[in-house]
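Novice: Have a look at this one before I ask anything.
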């Protein structure tokens, strides 16, 4: 069974399809970019989860979605060392998978089994992370529009329960769909094409058919929904006279940047790649360009894990306040931003029934600092001024006693 996982009985791609061109550039590019994404993504998303754990109120619509978004990013980030390790081995070996160059030992059957398992696991988690991220950003966009339009100002507890069920449904749908896809895909012929590359006509045909379905359900439909929500949001933002207009516009731009820069090029290139690379009538020069575009779009897709933590700064209720408190506890006293600039007045996102302003804990210490209130009863002493007859009686009596 293990032998069959990497020596497939299906018809292999002929030499006219598999053009011989150098791929050393992609090992270098992947190694450098994925290493940076691993460091920045791990720090950003793990730090975000730590901040979310410090929040006094975690039951908010946006917080629930953002926590799931950070977890989905960490799922991908934690698989990057496996990919970097494989790319470094291929880079040092100098040839696709033989391992005989640069003093590296050749791949044994056990090595092939381990590589096949690593390819399956990293590919599986990559797609889980990507499409969970797409769906969570879509859910966040819908919730932000409903909050901005005032449709989530009541029955917040009910909506929060629905959002939790929605996030759970996203995980189940993506994990189940991706699992069936990887199981039907079969093993990767690591010895022939390297990791993450199909090696048979049947595999390419299956991937192309699945890609069309995933392209519509996993990307096109969420993108249309996000564009619709943000078009309606911008209309509300332009009409509103709120000081949060700049933050809302920045959030719209940031989410659209993630979709249009990280996900859109990847899905376009993947469709073209699956359509033309395995065909024998396509020149090798075109295939080489497509292979180079794979590297660029994959690097942009991976950069999504570094951009998502920026969304937490604009959406997370009390996120910047907790970050400021943590930094001040670590000795960073001179915070450059004023305290109220990033505290979102989004009490209608609360899951605790009535709206609760997030800045209340900061205003509570100011309540005792009002000593002038008990001094106000001294003011009614002024009406005693016109009570001069009493004063005259006292003066008369004093005069009589003096007499």
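First residue shown is number 1, and so on along the chain.
Just so it is clear, glycine is given a Cβ too, placed from its N, Cα and C backbone atoms.
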Novice: TrEMBL tags one of 249-268, 269-288, 329-348 as transmembrane segment - which one?
Specialist: 249-268
Novice: From 10-31, 32-53, which range did TrEMBL mark with transmembrane segment?
Specialist: 32-53
Novice: Using Cβ atoms and a strict cutoff of less than 8 Å, what residues sit near the transmembrane segment (249-268) while being 6 or more residues removed from its termini?
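Specialist: Same-chain residues near the transmembrane segment (249-268) but 6 or more away: 130, 134, 137, 140-141, 144, 215, 219, 223, 226-227, 230, 233-234, 237, 296-298, 300-301, 303-304, 307-308, 310-311, 314-315.
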Novice: Do any residues, 6 or more residues outside the transmembrane segment (295-315), come within under 8 Å Cβ-to-Cβ of it, and if so which ones?
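Specialist: Distant contacts of the transmembrane segment (295-315): 25-26, 29-30, 33-34, 37, 40-41, 44-45, 47-48, 51, 62, 66, 69-70, 73, 76-77, 80, 129-130, 133, 137, 140, 144, 247, 250-251, 254-255, 257-258, 261-263, 265-266, 268-270, 342, 344.
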